[in-house]
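Inspection log for the structure reproduced underneath, given as structure tokens.
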Amino acid sequence: MSDTEPAAKPPPKVSHRGRSAAPIASSNADGEDVPEFEPFGLMPRGPPPLKEFLDIWNVNMLRNPDEVNKRQHTTHLYANNHLIVRRGQEFQLKVTFDRPYKPSDDQFAVEFVIGCSPQFSKGTYIPVSVASDRQSPWAGRVVDSTGDVVTVGITPAPDCIVGKWRTYVAVVTPYGIRRTRQDESRDVYILFNPWVAADSVFLDDGNEREECVLNEVGVIYHGAYDDVSERPWNFGQFDYGVLDACLFIMDKAAMPITNRGDPIKVARIASAMLNSRDDDGVLVGNWSGDYTYGVAPTSWTGSTEILLNYSSSKMPVCYAQCWVYAAVFNTFLRCLGIPARVVTNFFSSHDNDGNLKTDIILDENGRIDKQRTKDSIWNYHCWNECYMSRPDLPQGFGGWQVVDATPQETSDGMYRCGPASVHAIKHGQICFPFDAPFVFAEVNSDVVFYSRNPRDGTLEPVKVNSSHVGRMVVTKAPGQDARRDITDQYKFPEGSPEERTVLEKAEEYGCQREKATPPEADVELDMPLIEVRVGDDFELKLEFNNKSDQARTGEMYVSGNVVYYTGVTSSEFLFKTPKVILDPMKAEKKVIQVRSQDYMRKLVEQANLHFIATGKVKETGQIVTAMRVVTLHNPKLSVQVSGLAKVSEEMFVTVEFTNPFKFNLEDVYIRVEGPGVMPPKYKHYSQIMAGSSLTWTESFTPRREGPTKLMASLDCAALRQVYGQAQLTIKP
């Protein structure tokens, strides 16, 4: 562009004029002042004579954590000075008048308003009368009247709008309605209520509800299905500013206020807004390994810092991968009162062409054709489940719903996924909204090995592995740090008649799968599990078993690759072509030496090595294959706590780490935080010398009693996924 050329102007904002009488209310932060006096018809000159009518002197919202409301509504943990209640359940407030209240003569109402242009018909203006002859969408009653003070009980409807409501007390006089001034301290947050049966997010199981709504400390599972690693995460849904940040996310999405009482719509909007792909949402995804302009996904220890950064800067936060999306989404859902949990699916298929196949192409000798093999299987993938009824589906498809904020495929034109009924996925009913076919493929795809004919390019299926994908689905067990296998909630046992019926049902709705069943090879190949620390040499074993009564010769290709956890290859560091001769009905082992110097310099984050052995049996032409993901184990951080474990008493946390490698670690970040005790803090070290140690001590002051954890992470380009934690119980 030349200097004389004018800069392109942004497109003009189009107003609502001509389309609607008023703009659609889509921001909880917006609001109009309600008049202090609203006359009935024409008024004489001068102020109306209101002296003999009831006047309001004070409104006490009973909003302190130790008062009746927050304890009864289980909202006392929120670090927020406003009243926070759950819908469908009574809360109380105290109104002080200038004289005793007379039910026969006096009329007053408590008014609740949300958004701009509040309207009774839209459910955004709710007047609650205490008189039995005046009906209101929310129930109101006088709990107690002593002297000039009236205690009012108000029960919001169990399907009312979730958000921050403004509160007024209005007195009816013959001349008009007199009401209190707008006062921010009287604002009340109304949340979903999984404790009340009439609410669509009601969860009957008390232990599950305690875990999926009130627990702030999570465990996220990663690694491989037979070598599961875990890392702690501070969901921090009760931390200061987090509730307002969650409401801001819905405002940023311009979600109509009137839709915010429906958990299906809230979860669907949020699954799009948690990623930044098409709406400047919360998190920018980055799988490249270059995190120069942000925080490495492996470095985060909790959701609080991310949400507060987003709500203050109004800009997407850098960077995230699947477990960060899932963890922050979990915070959003729990904060608003929707029961939610983070789920990990081991060997998760990213099926981008609508079938149920992950294709691996072999050449005529049984070696992988890397040019033509494009499909990948994620070593693991994290998503969320949230609990709600589904009145839009047939009966029985409520309960746990899959929602996924990781941007993988578009749904209705945006990067989002769900809510998809887990029950529908298990039974192959993938016609039901939303995005069930995509989730179904993530847990049910077949791995199909094709042999390519070099003459005409045709592909012939030579082996089908139907049990590799969706090998195990896990989440944290309620009330403990143990993991819980929930694979049976997603699929029937492999090979069972029910599984066959489900796959046939899914095919009716358009899912395609490989019908061919190539004969099983009479030579079996297995690569047993090995546990390896980063930087170690190790042996990779290939165990062959000849099940035939004739000798067999196998010509094998063994490839070792450094892979991202998404299954995408970064580089090949090992290639061997062992030949094995098997006697009839005998087993044989081959050992391949893997040296650290071959893989260390090529490692990418999360330190995954993927070995795949393929080959052809010379006598029969049958293909034998085996795959093994080796998750390299990282050193741990030491986290120690000292000081008197009491509320408002200064304490200290000490994080220690020793560099076990023969090379220096550069540009190292250490983070530490703990729900209710310590906000997120970090420290930068330009270098940690080989073999040297570091010690970082930081003070903190607990603000809340009860059991909690401090979580720490160490992160640098050469070493990711280094974690440590310390448990402590704070006394009052």
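Note that the numbers count up from 1, one per residue, in the order the chain is shown.
From the backbone N, Cα and C atoms, a Cβ is placed for every residue, glycine too.
What TrEMBL says about a protein is an automatic prediction, not a curated fact.
Range annotated as region 'Disordered' by TrEMBL, chosen from 1-43, 345-387, 474-516: 1-43. Annotated Ca(2+) site ASN444, ASP446, GLU494, GLU499; additional same-chain residues within 8 Å of its Cβ mean position, judged by their own Cβ, are SER466, SER467, VAL469, GLY470, LYS491, LEU503. Per DSSP, the domain 'Transglutaminase-like' (314-407) is made up of 15 helix, 40 strand, 39 coil.
Take the Cα of GLU499 (Ca(2+) binding site) and measure to each of the active-site residues CYS322, HIS381, ASP404: the nearest one is HIS381.
In terms of Cα spacing, the recorded positions CYS322, ASN444, ASP446, GLU494 that come within 10 Å of ASP404 (active site) are CYS322. Between the alpha carbons (Cα) of HIS381 (active site) and CYS322 (active site) lies a span of roughly 6 Å.
Taking Cβ-Cβ distances under 8 Å and a sequence separation of 6 or more, the neighbours of GLU494 (Ca(2+) binding site) in its chain are SER466, SER467. Each of the recorded positions ASP404, ASP446, GLU499 was assessed for Cβ neighbours inside 10 Å, and the highest tally belongs to ASP404.
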